[in-house]
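Colleague: One structure, as structure tokens, below. Some questions next.
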Amino acid sequence: MANATTSLPLFEKIPRKNTIQRGFDIIIFFLLLLLLVYRLYFLNHYGFTWILAFLCESWFTFTWVLVISTKWTLVDYNTYPDRLLQRVPEVELPSVDMFVTTADPVLEPPIITVNTVLSLLAVDYPSHKLACYVSDDGCSPLTYYSLVEASKFAKLWVPFCNKYNVQVRAPFRYFSGDDFTKSSGSDTSSNFQQEWKRMKDEYEQLCVKIEDAVQNQNIVPCDLTAFSEIDSKNHPTILKVIWENKEGLLDGLPGLVYLSREKRPNHSHRYKAGAMNVLTRVSGLTTNAPYMLNVDCDMYANNPKIVLHAMCLLLGSNSEKEIAFVQFSNAFYDGLKDDPYGNQLVVMLEYMACGFSGLQGFFYGGTGCFHRRKVIYGLQLDNIDSVNEEILKRVGSSKELMKSVAHALKGKTNSPDHLSNSIDTAYQVAGCGYEHGTSWGRQLGWLYGSTTEDILTGLRIHSKGWKSAFLSPNPQGFLGCAPSGGPAAMTQQKRWATGLLEVLLSKDCPILATLFAKLHWRQCLAYLWVFTWGLRSIPELCYAFLPAYCIITNSHFLPKVQEQAFYIAIVVFVIYHCYTLSEYLRAGLSVRSWWNNQRMARITTMTAWFFGFLSVILKLLRISETVFEITKKDKSTSSNGAHDVDAGRFTFDESPIFVPGTTILMVHLTALVVSLLNLQPPAHDGLGSGLGEVLCSVWLVLCFWPFLKGLFGKGKHGIPLSTICKSAALVLLFLHLCRMTTMG
């Protein structure tokens with residue numbers, strides 16, 4: 001029986017049956033082609049609006065081709081941690097270095113970081129095989145103090161989790177109610193209840209200490225001399241070993257290290273990518289684990305067996321020569337009901353991510369990802385069995401780091417008591433000038449040149465022929481917090497669109513990687529679907545203004561009702577939306593969730609993605625540089641936003657990112673008034689605007705309904721007067737251009 005168990009695979013790659021989906025994909029594609037053929041046939045008979053509609057619809061058809069190619073082969077991964085434990089003794093499991101990144105104690109409160117760290121320290125994995133490194137780019141004594149206090153609580157929390165097989169190991173989630181049965185077992189004995197209450201009291205005391213320190217700057221004395229008179233943007237490296245498992249106890253507490261890398265005004269710190277590279281070098285000199293996990297400070301480990309799930313894929317048959325990293329699904333806790341901001345990404349991960357899995361694998365999402373250290377060091381797939389001397393020459397001047405990299409390429413790790421012994425050496429590689437003259441950020445580590453350093457790094461790995469795996473276990477591996485307001489959601493989307501377009505227009509473009517490297521053709525198309533987010537804003541904006549333009553100038557861009565081609569457009573619209581609705585229903589979501597995501601797709605594309613596009617254009621023109629903008633993190637423990645009667649209501653601020661959306665709404669409201677009052681000029685060709693243009697205009701008003709409510713809202717739920725004035729000026733300019741067109 002034991003032999004039979006050891007012969008079973010650690011994971012399975014299971015293709016999905018999606019024949020019906022493929023059929024609808026093809027039907028929509030051919031309908032789009034018919035519409036384009038019709039446009040092309042009558043291109044000489046109509047004017048500007050017809051040509052612009054043809055160009056926009058050509059782009060939409062191209063985008064749909066990318067979607068079809070990506071979703072054609074859906075694949076799921078199943079992992080079997082129990083088989084791994086039967087095959088590999090716990091003492092022989094590989095080591096894992098866990099990285100947590102934070103950058104601003106205000107936007108990313110220390111209590112959020114603390115819960116993420118505690119959940120990682122308590123995962124179901126031999127503790128002497130784990131080490132947790134926290135990178136604090138805000139150089140905050142509050143963050144350091146919080147981690148010191150958290151390490152004291154962890155000495156109680158980790159044994160409690162192991163003893164009672166606790167499933168939710170982030171304390172703020174575990175203690176969010178008074179339910180004693182949140183252990184995986186049904187142990188409700190008096191001993192368990194007493195320990196549960198004691199543990200909750202200890203956690204509440206920890207929260208009070210941290211909150212008191214945040215509110216009153218009342219930090220109980222600990223070793224804070226390194227933070228005296230510190231400027232967060234100009235300071236030396238601060239590296240502290242908060243806890244070390246010196247005895248190498250199997251059931252002890254994993255090592256915990258605080259790191260704030262050196263920063264100087266005349267050195268670019270390269271945002272998160274720079275922080276990850278410093279973490280890689282510092283951990284390489286201390287623990288040098290062959291695998292590295294990185295998570296954002298708000299994304300806690302929700303599944304205690306998360307490391308075992310990842311190891312099933314990384315240690316499975318042939319995985320050593322195939323899978324470079326394992327990306328877990330980015331799911332969210334306490335998501336607002338029906339996803340009002342369209343940023344929970346459930347359907348995208350359900351279908352597109354599994355489509356990527358049928359190719360070379362899902363892209364690196366920046367958090368919740370396990371990496372092979374030697375792949376991050378730039379190891380080529382065809383040189384896997386040899387130590388690449390070129391890599392050693394590019395890691396920098398530290399001989400200890402060269403030795404560490406050589407060990408990593410051979411699969412060796414450092415001894416458990418090596419953590420504190422290498423701290424002095426680690427200061428050198430954490431310096432801001434260490435990377436000068438090296439290949440860090442260009443050929444080694446996390447790559448520079450984009451505000452989405454994660455997907456750029458993953459693309460480079462795929463370009464070397466490596467594959468990746470996307471995993472969504474039950475329960476979810478990691479849970480984070482989604483932006484809960486309009487400004488935060490738009491900022492995040494803008495940063496994504498900016499970084500993705502930067503990659504598309506760089507030497508790392510997936511098309512070049514397919515032609516001159518080892519990126520597969522369909523993987524290239526899948527990457528193009530992502531990288532063109534920013535570019536999509538232009539055809540969508542043009543297409544959005546077309547109905548209003550046609551109504552105001554009494555022209556048309558859609559076939560007339562009496563033409564058969566009119567029904568092509570109607571059928572495409574109906575089938576597409578029924579198709580997307582079925583995806584949401586199959587994913588267990590509501591019709592309201594589907595509608596929220598449909599309208600937010602339009603809003604996001606024409607606002608946040610448009611500003612991402614503008615940012616890249618300004619960068620290419622050398623007018624300004626792109627900036628990494630941190631998304632505000634909020635900790636919540638209430639379900640579905642029930643704690644806030646205004647949860648889900650769209651919020652605004654004075655950011656110019658809301659000007660395009662407000663302008664589109666006001667333009668269409670004006671067009672509908674013009675149509676209702678019959679204020680249109682005579683049609684030049686006798687075929688003025690018709691029912692199709694009016695329906696399109698009404699549809700866009702419905703999509704921008706949150707902006708319509710914002711025109712009459714107050715406070716954060718109302719559009720600022722300055723934004724309304726700017727949009728009104730743009731509407732007047734649009735009307736003037738329409739008038740000039742009709743006069744011409």
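Every residue gets a Cβ built from N, Cα and C, even glycine.
Automatic, uncurated: that is what TrEMBL annotation is.
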Colleague: Given 114-135, 290-311, 686-707, which one carries TrEMBL's transmembrane segment label?
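Modeller: Based on what TrEMBL states, transmembrane segment spans 686-707.
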Colleague: Transmembrane segment per TrEMBL: which of the ranges 508-526, 603-621 is that?
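Modeller: Range annotated as transmembrane segment by TrEMBL: 603-621.
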Colleague: Looking at the recorded positions Asp296, Asp454, which one has the fewest other Cβ atoms within 10 Å of its own Cβ?
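Modeller: Across Asp296, Asp454, these recorded positions, the one with fewest Cβ atoms within 10 Å is Asp454.
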Colleague: Do the transmembrane segment (657-679) and the transmembrane segment (719-738) come close, with at least three CB pairs under 8 A (pairs 6 or more apart in sequence)?
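Modeller: Yes, since the transmembrane segment (657-679) and the transmembrane segment (719-738) share at least 3 Cβ pairs closer than 8 Å, they count as touching.
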Colleague: At the level of the C-alpha atoms, what whole-angstrom distance separates Asp137 (UDP-alpha-D-glucose binding site) and Asp296 (Mn(2+) binding site)?
Modeller: 12
Colleague: Using a 10 Å radius around its CB, how many other CB atoms surround Asp137 (UDP-alpha-D-glucose binding site)?
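Modeller: So the Cβ neighbour count for Asp137 (UDP-alpha-D-glucose binding site) comes to 24.
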Colleague: At a C-beta cut-off of under 8 Å, are there same-chain residues at least 6 beyond the transmembrane segment (603-621) that contact it? List them, or none.
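Modeller: Hits for the transmembrane segment (603-621): 342, 489-498, 500-502, 505, 533-538, 540-541, 544, 656-658, 660-661, 664, 703-704, 706-707.
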Colleague: If you draw a 10 Å sphere around the Cβ of Glu108 (UDP-alpha-D-glucose binding site), how many other Cβ atoms fall inside it, taking every protein chain shown into account?
Modeller: 24
Colleague: Pop the Cα-Cα gap between Asp296 (Mn(2+) binding site) and Asp454 (active site) into the table, whole Å please.
Modeller: 12
